Amino acid sequence: VLANKQDVETCLSIPDIKTAFSDCSSKIGRRDCLTQACSALTGKGVREGIEWMVKCVVRNVHRPPRQRDIT
């Protein structure tokens, strides 16, 4: 999750965002997850989030998703 608008004072904090998604943890299971603060306006955190995603794809390149992983 790239949490945009982190340059706005009234934005949700990363812990608050993680709490909002905590009900989904049973559906997420053992998948790699990251909640990254970012600001599209300043660019802060965007590169880090994209780099993390690229590392995950490279790490799993020989393990394509199965239908049960998608649903």
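Quick reminder: no glycine exception, Cβ is built from N, Cα and C everywhere.
So that you can see what the record holds, here are the features copied from TrEMBL:
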type	residues	note
BINDING	N4, K5, Q6, D7	GTP binding site
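Structural mapping of features recorded in TrEMBL.
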residue: N4; record: GTP binding site; Cβ contacts under 8 Å, 6 or more apart: C38, S39, A40
residue: K5; record: GTP binding site; Cβ contacts under 8 Å, 6 or more apart: C11, S39, A40
residue: Q6; record: GTP binding site; Cβ contacts under 8 Å, 6 or more apart: A37, C38, S39, K44, G45
residue: D7; record: GTP binding site; Cβ contacts under 8 Å, 6 or more apart: S39, L41, T42, K44
Taking 8 Å from the centroid of the Cβ atoms of N4, K5, Q6, D7 as the cut-off, which other residues in that chain fall inside it around the GTP site?
A3, V8, C11, A37, C38, S39, A40, L41
